[in-house]
Each structure stands twice: as structure tokens, then as C-alpha cells.
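Visitor: Here it is, the structure in full.
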Amino acid sequence: MTLLRQNFIIILVFFGMVLSGLIYLNHNQCRCNQKMKEQGIINGGTDETIHPRKSRCNQQITEQGITNLEWKQNTFGLRSSPGLLYNQQSALVGSRTDVASVTSWSAPIIWEGTFDSTLIDSIYKQQNLTIATTAFALGKYVRFVKDFLESAEQHYFVGFRVHYYLFTDQPELVPEVKMGENRSLTVLKVQSLKRWQDISMSRMEKLEKLIESELASEANYIFCLDIDTKFYGRWGVESLGRLVGVIHPWLYDTSRDKFTYERSPKSQAYIPAGEGDYYYAGGAFGGSLEDVYHLTKTCREQMSIDAANSIEAVWQEESHLNKYFLLNKPSKLLSPEYMWRDINASAAQIKIVRFTNVPKNYAEIRPNP
Amino acid sequence: MSISGIMQLRQNFFIIILFFGMVLSGVIFLNNIQNSCKQQKIEQVVIKPKWKQKTFGLRSLPGLLYNQASVLVGSRTDVASVTPWSAPIIWEGTFDPILIDSIYKQHNLTIATTVFALGKYTRFVKDFLESAEQHYFVGFRVHYYLFTDQPESIPEVKIGEKRNLTVLKVQSLKRWQDISMSRMEKLEKLIENELANKADYIFCLDIDTKFYGRWGVESLGRLVGVIHPWFFDAPRDRFTYERRPESQAYIPAGEGDFYYAGAAFGGLLEDVHQLTKTCREKLLIDAANSIEAVWQEESHLNKYFLLNKPSKLLSPEYMWRDINEKADQIKVIRFSNVAKNYAEVRPNP
């Protein structure tokens, strides 16, 4: 073969590669645009077509960064249906005079009486929301799943789309529970762990990964709940917000220096005396996907640092959660009605128990003391 | 040239032609995809103006010290501090200024602030701006946009660092009602053309007013309304809503949350854009039907806020009757109407 022919063939092959490269790239672009379309960058009403967004999608693909997750758009206002009737609320008389209904940074604190359920259900029904809800049932804790799910189907975001994500090391033991329309359950298998403290703490990383890989563009809000609990009253859209914490049922009437924060400066969860707003329960927190992702990621990182320094915070990830909420104020707080001590325990300010711990024999049920 | 040489050449030609044929069909194919993709993109709904990214959480500085708030004792027991849709109502005592200033200082915010001073109302500009420099978002970046028909009458006012004033000339109008109502359209256009990428929040205020106390970041929110100083303790059927069904601003008896002041409202650019656009459209429909709502654009604002609940309410501290007037629940007067002779200052009765 002459040199010329060889050259020809080389050039041919080269162009062939370039061509297939181009086709591949373009295919990606198109898929990307497809994705953008599916994301629905939809405005609530303006019909202006200005400057199509240029290649943000491509940027994402090339940058390969976790920071570039595409979050499902939360572009809602609080639209109310015309003609909806409800009582007028006075500007001068708070609906609850025995509790604080707002924090010092103006985040509302949700108690019975401080919100109108007819009104807010009507507002949020218009938004076609999906609420992801996570729980972990490892070892003997799988026994709590049935009551948790059945009572949730009765009280938790009734009438809204809920997707439960149940992490367990024994998927075969998860009972069949009848789910309402628009509600689904995904069971995710995880490894067993020997210490209950490790089970508790590992949740942060699992949540972080779940949000990253599954939820980012599928759910609008997420709540992360303990499984050894049960619903007894309404838990609805009044609980939705960007970043939501629940006031701990044993520590709502306490001065901050009595809060069981981590007090060792060696831990990342350290909060000194004289600081702190509330003591938040580790058994329930939530918010928008993006904000909860940031929370779980940060807690996971801080726990890693602690582990590397051979220190475990006094209340495990709850200590880290409290540190996080001190530095990243929740945009909404739920009263202890949303995470109570026990269905049989009462307190003057708790007019309704919505979600509570169920009694159990810790010695019997935990894998270790 | 030998015969085999020619054959070689011909073969080469064929190869080349074949190759170019492939390239051509490839290009045509690609172009098709490209086109259908673009088609999709164009058909795809709405790509809105690029609003400045709102990615703030409420980050607090480590080590910041302030008193603990009780869970069981509201800071104000004589007023409601939250609405039935869980929007906070801002009164003195319900927020900690040290804490929130510290939170918001981290965000490098710009707050656009609009006022209209037409005809004799230019006389109010000096006090408005001077008092704002004393009390309004002190320490934050503020950009005033002053609409006026007499730019030459605007006095020099010393404006602090990081703050500026843009004067925009508008046409004079003969009726004060028209002056009032035309603001909605001007605001809509201003947000669209100027502000979209430049400011984080906007407040739209009346000019015949003055600041007497702090108006700060406690007022920031997605969509912010102010409770009218004359109606905060009235039952809803006494609210001066537009009551004629013929008007777009109509609110029937038995409906309504609060009566909001037209003199002060604000929020995120995007939300206020939607508000001003909607009000402007409704005003137009009314005009076409020869009807003018009882309190002009304030009536339309109230209709808007009924159907699009504000995410935060400001108490009448933020829009008061007069500096010399008192009421039990008003512990601080922050911003107030100033006394004036309406007959003298308005272009028409």
C-alpha cells in the first residue's frame, strides 16, 4: 500500500471519530434539554420568554459537582382559593397566650390553635407536593414499623402525596401495610450494626446519600423520623418549611444551660454555656430537600471528624443536629406536639399529641446497653 | 500512469466520495436532532427573567450572645405574632435585632426602595430620605428609586456609604388617584428592566411619610404586607375593601384576613413583580369597565393579598397614622404618614 493510501485511511478514521464524537455530544445536549424540560422551570404566571438559559445543564454535566444537583423547584407562593371561608383572626389577640408562637428570628412555632387547617390545606393542595419521609428500622426496631405506617396513613399529610423510605437490615420482616392512594413505600436494605449509637448516627450519611441519588428532583420536602413512634393526631402542611426543627418534649421548659448539648470543646457538636436557642429533638426534622441535604451532609462530616478524634457526642447525632440548628436557624419550629414523650403523658401546653415515642424496654430492644 | 495506478486513484475517489457522503448525512442527521431539540426548548414553557439567586439560609455567627427566649411565654401577649397561615407578624419585642442583623449581614443584600413624588409631593422628599438614612436598613445596601415629574426640584440629600439614589423622570398626571394607580405599572417595568439582577428585595413606599424608628431586616420576606394603621382592630366587614362585584378588586363580606396599607409593601423581586403586574392588569380591566376601586390600587393590593397570602406581615408600627397619635399596642413608631393639608397638596380633590 502506498503511503498516500495509508494517509487517506488515517484521515478517514479520524473524521469518522470526530463525527461520532459530535453525534454523541449532541445527543447529550438533547438529553440535557430534555431534562431541563422535565424539571419544569415553570414560572407561576409570567409568560415572558427572555434569553433562554444558556448551557447551565452542560455546565452541570462537565462540572461533576455535588453542588450542582437539580433540586425540584419550590416556586410556590401561598395561593388561596377565592371564596374559601374561615374565621377572621384578630391582630390583637394571639390564638395561644400560653406559649410563644414565633422565635426571635421570626420563625413561626407551630402549636394547636396557631394555624387554620382549612386555610392551609387549601393553599398547599394547589402545589402538587411530594413529601419524602424516611425512617430506619434495624434489628428489633422492625417491630415498630406496622404501627408507625398504619398511624401515619391515618394522620400524616392525609390527602397529600407521601413517599416513605424505610431503611432496614431485614426487608423480609417489613409487614404489608395498606397504603392510601398517592402514597408509596420503598424499602431499602442496609447493613446491620452492632451498637445502637452507630445505628442512630449512620442515619445522617444514609439520608445524605438518599437525597443525592434519589430524591433531589422527585420530592419537594422531606421529613426524617424515628421509627419507635406513632401518630395520634394531625401532622400536616402546617409543618412544611425550608428548614424545620422540633422542640424536644423533655426540654421545652428549661433554661439553656440545662440543655443536654455536647459540652466538651473537643467535639464538633460543642455548644458553650450561655449559647443556644432551643433543644431540638433528633427524632424528627425536615424541610426542603436542599436544606436537609446540607444538614445531613454537615452532620455526617462533623461526626466523622469526631470519630477521627475518638469522641462521640453525648446524644450522638442529636447533639450535632443541635449544633447545626444553632448556626443555621430553622425557618420553622414545631412544638413538642410533634414529638411527644408518651401518649399517656400530659402537659398543660400540649393540647394535642400528634406524634410520640412509644413505650419500650430499652434493655430488651437495643443491641447493646 | 499505469492502469493499476488509475484503478488506485479511482478507488481513492470512491472512498473519498463515500466518506463525504457519510459526513453529509451525518451533518443532516445532527441538524435534525438539533432542530427538534431547539423546538422542544422553545415550546417549553416560560423561561423567566433571571432573578438574582436567593440561596440564603439563616446562618448565625458562632459565639454571638443574646438572651434565651422562652417557649412558654410569648414576648408580646397583647398582640398576635403569627397569622393563621403561619406568617409572622412583626411587632416590637417579637424579634431580636442583634441576632437578625448578624444573620442578614452575611448575605450581602441589596434592598431596592421605590417612592413617587409628583406635583407638590416633591416637598416630602427631603424628610423622607434624611430620616431613611437614619433608620431604614442602616448598615445595609439600599438603592432608592425616586420617580418624579420634576427632577430639578429634588433636593441634595447626603446619602450614606453603600447607598444610592436614582431619580427617574415620569410624566405629570392630573388626578392624584391616577398618580397613585400608575405606580403599579411603573414598578412592574422598573423591576423587569432594571432590578432583576441587581436587588434582592424591594420595598415600595409612599413619599408623604417619615421614619422615626428602626426599619430593618426583620421586615424582609418573600411577600410582605403592612397592616393598615386605621384597621388593625376592626372586624373584616368594616374593612374598606372594594364591595362592588363589578370591580376586579371585589371582596365580599365574610372574607378577608387583614386590611393592608397601600403605602408600604415589599418582598422578593419576583414576588413583587407578580403583584405589581397583576394589580396593573386588574386596574386596566376596571378602567375598561369604567370603574375605579374605592381606594384605588390599595383595593387591588388587598385583593391580591387575599388570594396570595403574604409570607410576612408588618404591624402598624411600620405604617402609622401620625407621629403624635398613640395606641396601646404601638410601642415604637417606625414609619408614619406626615401631617398635611390634602386640599392644598393634591392636584385635585
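Positions of Cβ are set from backbone N, Cα and C atoms, glycine also.
When I checked TrEMBL for this same protein, it listed these features:
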type: TRANSMEM; residues: A:7-25; note: transmembrane segment
type: BINDING; residues: A:Y141, A:D226, A:I227, A:D228; note: UDP-N-acetyl-alpha-D-galactosamine binding site
type: BINDING; residues: A:D226, A:D228; note: Mn(2+) binding site
type: ACT_SITE; residues: A:E318; note: active site, nucleophile
Visitor: I'd like the Cβ neighbour count for A:D228 (UDP-N-acetyl-alpha-D-galactosamine binding site), meaning other Cβ atoms within 10 Å of its Cβ, all protein chains included.
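Guide: Result for A:D228 (UDP-N-acetyl-alpha-D-galactosamine binding site): 21 neighbouring Cβ atoms inside 10 Å.
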Visitor: With Cβ-Cβ distance below 8 Å and at least 6 positions apart along the chain, what are the contacts of A:Y141 (UDP-N-acetyl-alpha-D-galactosamine binding site)? List them in sequence order.
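Guide: Counting only residues 6 or more apart in sequence, the Cβ neighbours of A:Y141 (UDP-N-acetyl-alpha-D-galactosamine binding site) under 8 Å are A:I227, A:D228, A:I365.
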Visitor: Radius 10 Å, atoms counted are CB only; among the recorded positions A:D226, A:E318, which position scores highest?
Guide: A:E318
Visitor: State the Cα to Cα distance, in Å, between A:D226 (UDP-N-acetyl-alpha-D-galactosamine binding site) and A:E318 (active site, nucleophile), rounded to an integer.
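Guide: So the Cα of A:E318 (active site, nucleophile) lies 12 Å away from that of A:D226 (UDP-N-acetyl-alpha-D-galactosamine binding site).
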Visitor: Give me the sequence-ordered set of same-chain residues, not including A:Y141, A:D226, A:I227, A:D228, with a C-beta within 8 angstroms of the centroid of the UDP-N-acetyl-alpha-D-galactosamine site's C-beta atoms.
Guide: A:A135, A:F136, A:A137, A:F144, A:F148, A:T229
Visitor: With DSSP assignments reduced to helix, strand and coil, which class does A:D226 (UDP-N-acetyl-alpha-D-galactosamine binding site) get?
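Guide: Note: A:D226 (UDP-N-acetyl-alpha-D-galactosamine binding site) is coil by DSSP, not helix or strand.
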